[in-house]
């Protein structure tokens, strides 16, 4: 069946232990990196919509905006990952709220406060990291097994961690045998993982979400909202972003990754097409026009529908799925490719957006809608379901898939058959 994944029923180890405050604190500090990223993303668009900032750093842009006022507006696996995406959305919301407040500061220095407050999440992660000890894996790698065992007991909040500790020892020994993960990841047997490590972060940025989050105040301002109204609209989308992220947290392991990817893609596509139509009707190819309050509210509504769809699909899953598909021997290389691809295209889209907006105008939403259609189709045909699949059985998922089984080499078919029959594990 096209796009069908196949989840095998193998042994899933459930180690003893419980969620401890120590683990929660560790995840919180690690996820604060997302807070920094979210704040930086959210602060950019708000600051660049403030007149004092533009007058100081981009006077030509400011002067052009002043001239244009008379002729109309131009459109312009876990806890750490789920927390990471949540903190990104919280950072964006916090930035929008800060921008809304600092824009009202008299004297034209509010943008300085907005930029300076980026030090707050940086301070949180810096101070918090001082209280984070080494992980059991790190201690094992450095030849300190006794300390690693004690740390594992503290993390799990239980004394019986013998089985998990032995698994960590075995994993450490296996990782030492991997000489070159970068050479391994280009081998044919890892072709599905390599494709996903490149395609998912690439597509995540071409949803157009960072256009909204980077430039929400600028975008709203240029389609007919006043300065304060544009900042408030950005706050509204920020709230929707945070709330919708919780939807993903509570549904991803119930409905699966594919369902959220596909539903979110369809919802984003429809909302972007409708936004493009609404703006096209009002602004046309000239890029000039005026929005009534009711019409403007409708545009904001569909932008919120789009943001919500991203926040419970491509937002968190763009990080979660790549993190769970890499076997040990290529994990470091795979995650490096995933993150670097994501940030590369974040940079590219941020740089290209304003020029695209000037040339495409309302067509920009059709541009991103087209990419959303492509990526949703890609997920339907090429991504199997990875929900509840142990790492050691992930190879079976690709070999059961209608497309990837044709790509993968057949030299380990015997091991595959044994694993499928419950007689062993995939290699």
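Glycine residues also receive a Cβ, built from the backbone N, Cα and C atoms like all the rest.
What TrEMBL says about this one:
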{"type": "DOMAIN", "residues": "1-387", "note": "domain 'Major facilitator superfamily (MFS) profile'"}
{"type": "TRANSMEM", "residues": "20-39", "note": "transmembrane segment"}
{"type": "TRANSMEM", "residues": "83-103", "note": "transmembrane segment"}
{"type": "TRANSMEM", "residues": "109-132", "note": "transmembrane segment"}
{"type": "TRANSMEM", "residues": "194-218", "note": "transmembrane segment"}
{"type": "TRANSMEM", "residues": "230-252", "note": "transmembrane segment"}
{"type": "TRANSMEM", "residues": "259-279", "note": "transmembrane segment"}
{"type": "TRANSMEM", "residues": "299-321", "note": "transmembrane segment"}
{"type": "TRANSMEM", "residues": "333-356", "note": "transmembrane segment"}
{"type": "TRANSMEM", "residues": "362-383", "note": "transmembrane segment"}
Q. So what's near the transmembrane segment (194-218) in sequence-distant terms, Cβ-Cβ under 8 Å and 6+ beyond its ends?
A. 41-42, 44-46, 48-49, 76, 92, 96, 99, 185-186, 230-231, 233-234, 237, 241, 268, 272, 303, 306-307, 310, 314-315, 318, 321-322, 325-326, 334-335, 337-339, 341-342, 345-346, 348-350, 353-354, 364-365, 367-368, 371-372, 374-375, 378, 382-383
Q | Candidate ranges 20-39, 83-103, 230-252, 259-279, 299-321 - greatest C-beta contact count to the transmembrane segment (362-383) (under 8 angstroms) | A | 259-279
Q.
Does the transmembrane segment (230-252) come close to the transmembrane segment (299-321), meaning at least 3 CB pairs under 8 Å for residues 6 or more apart?
A. yes
Q. Going through 20-39, 83-103, 259-279, 333-356 one by one, which has the most CB pairs that fall under 8 Å from the transmembrane segment (230-252)?
A. 83-103
Q | Residues from the same chain, set at least six apart from the ends of the transmembrane segment (333-356), whose C-beta lies under 8 A from its own | A | 44, 76, 181-182, 184-185, 193-194, 197-198, 200-202, 204-206, 208, 210-211, 214-215, 318-319, 322-323, 325-326, 364, 367
